[in-house]
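According to TrEMBL, the protein carries these features:
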- 12-21: compositional bias 'Basic and acidic residues' (COMPBIAS)
- 1-21: region 'Disordered' (REGION)
- 39-61: transmembrane segment (TRANSMEM)
- 242-262: transmembrane segment (TRANSMEM)
- 269-287: transmembrane segment (TRANSMEM)
- 325-346: transmembrane segment (TRANSMEM)
- 371-395: transmembrane segment (TRANSMEM)
- 463-488: transmembrane segment (TRANSMEM)
- 575-597: transmembrane segment (TRANSMEM)
- 618-638: transmembrane segment (TRANSMEM)
Amino acid sequence: MNDEEELQGSTYEKEDFGHARPHDPDFKGPVANRSCTDVLCCMIFLLFIIGYILLGLVAWVHGDPRRVAYPTDSQGHFCGQKGTPNENKTILFYFNLLSCASPSVMVNLQCPTTQICVSKCPEKFLTYMEMQFLYKKDKSYWEDYRQFCKTSAKPVKSLPQLLLDDDCPTAVFPSKPFLQRCFPDFSTRNGNLTIRSRMLFQDGNGRTRSVIELREAANRINKIFEARALGMKVFEDYATTWYWILIGLTIAMVLSWMFLILMRFIAGFLFWIFVFGVLGIIGYGIWHCYQEYCNLQDHPNATLSIYDIGIQTNISMYFQLKQTWFTFMIILSIIEASVILMLIFLRNRIRVAIFLLKEGSKAIGHIPSTLIYPFLTFILLSICISYWVVTAIFLATSGVPVYKVIAPEGQCIHENETCDPEIFNTSEIAKACPGALCTFAFYGGKSLYHQYIPTFHVYNLFVFLWLINFVIALGQCALAGAFATYYWAMKKPDDIPPHPLFTAFGRAIRYHTGSLAFGSLILASIQMFKMILQYVDQRLKIAIYGRNFCRSARDAFNLLMRNILKVAVTDEVTYFVLFLGKILVSGSMGILAFLFFTQRMPMIAAGPTSLNYYWVPLLTVILGSYLIAHGFFSVYAMCVETIFLCFLDDLERNDGSTTRPYYVSQSLLKIFQDKNARTKNK
């Protein structure tokens, strides 16, 4: 008995492949005559996009990203900004750093001293009075000192007049740039804190000061940075590392595309590369955690627990605890063991999944343009992410300069009041508080726009999530339509219409934008419950018959429920194989980013040295690489799932006879027959 007669005569097919639908003699695969679906949601989606564009324009008008890229002096001018007198002055210098030790620093979040932009930090100890004396013998002393003054006039002022006019610092000391600011060049000698071997120095006001006092002042400034909004510090890191992040994401894109090409030819071998690559990455993580744990053995504060230090804005403090690294090591060890156990228990199903990937490779071989489509997804995702980041930065930097009164001695009743630097010297405040300063404090405002900035941030994030999910759903819909066209071609490749991917993409845009927007809206609304809503995510991929979202989801659900055992065999195991590939790409990029942003491979490339949190660009590269890998590997996932759904529908519509032949390949039909036979015998 041949295969066709066996399929016609046996009851095995009916019993194991579900209840057949009534035969439709006019059925020829996906319908050609379509109409628009979920029109109302499409209109709402377009309105939200228009609002998103308007929000970006308004933020662009009011915001200024230079506020996170450059430090700001007391007059609100940016240090290092091109096209200004400060273009070559990239570092912020404090006239009297010792005043930063004042208790008012943490109240006002501002150091009560004049701050100017300089091209370099001081390199030696020198007071203003000493410079005046040496200037009479050597003019070069003033040339060096005046770099840290607001005026270039000759140094003829007396000390009281200098303090009143606030033109120059009374003293300078060896410093080095850190976070684009001049900080004391501390060092340790014989267990004592020193600056160029000195423990004491003159402050220019006739007092001898200790290096310890400078350290307290520097720590106060650091606390100012810590007390500022975490989001602003994160934006500063993004402004510093965006170039390197884009390079990392581009490498992830190329790596994902290479894996995609190789899977076309060596799916089985590539699976083992995924396995050993993932196990190696997790193993490296375990080894690194163990090394950090051992290095902290002799650290005096490393034995503290996370409970002891409580909630800290400085995330790096948690990485100085042994408990943190021990916890990471245990978690990674459990993940490593879980992956190994899954590989052991799923070895038979993995063979089936690899075979399905090979079958999918045949479809991709007939529609090679699907290998290029992830680049379009990458471009669209990059546009969405870039627009969101830029809009968020412009929103965060919206406002006008706000100036506050500060009194170095802390004895002014007008301290912390808003002031105008243009008229401050002639105002009543200057008369009531001699020595008080009107210095730049922050950017803000009291207009209606500024009051709703937090709401705009929420809107920016929501529409961003909506667009991201829409782009992914659009890709899934286009790929599903192309692969469905391949499946329902009786004679492959002769019956495959020209440009199936382009045609499917056009159908998705023309007829199904509303359905895709509806499904992606659900995912964006409850993104935190994505695992619970994975069913909805899967239903977004049904682009075979051109029905609306709800009906497509219902039909696909019923079809899958009638064949639940086969779904268990293919869906999750295939996704597990592809998930290993995604982890390999994102994990590899994560290791490279970690070594780069923590300055551990200077022989190859020197990374940025002034980051607030190195984990900000690190996590961005890891998550971005995973999303990119997900977009690329979704081609195979989409191919396998579409072919599988069409296969189930094919079995319900046809019986393998001459008049109702199967569209499925005999090799794919045989593997499921063998799998069902083994399951039935058990």
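Just so you know, glycine gets a Cβ as well, placed from its N, Cα and C.
Keep in mind the model is a prediction, meaning the values are calculated, not measured.
Counting Cβ pairs under 8 Å that are 6 or more residues apart, the transmembrane segment (463-488) and the transmembrane segment (269-287) reach fewer than 3 and are not in contact. Residues 275, 278-279, 282-283, 285-286, 289-290, 292-293, 296, 319, 573, 576 of the same chain sit 6 or more residues outside the transmembrane segment (325-346) yet have a Cβ under 8 Å from a Cβ within it.
Long-range contacts of the transmembrane segment (575-597) within its own chain (CB-CB distance under 8 A, at least 6 residues past either end) are made by residues 241, 244, 248, 251-252, 255-256, 259, 270-271, 273-275, 277-278, 281-282, 284, 342, 346, 350, 353-354, 357, 605, 607-608, 611, 614, 617-618, 621-623, 625-626, 628-630, 633, 636-637. A Cβ distance under 8 Å defines the sequence-distant neighbours of the transmembrane segment (618-638), meaning residues of its chain 6+ beyond its ends; these are 238, 245, 248-249, 252-253, 255-257, 259-260, 263, 357, 360, 364, 370-371, 373-374, 377-378, 381, 385, 472, 475-476, 479-480, 483, 541, 574-575, 578, 581-583, 585-587, 589-590, 593-594, 597.
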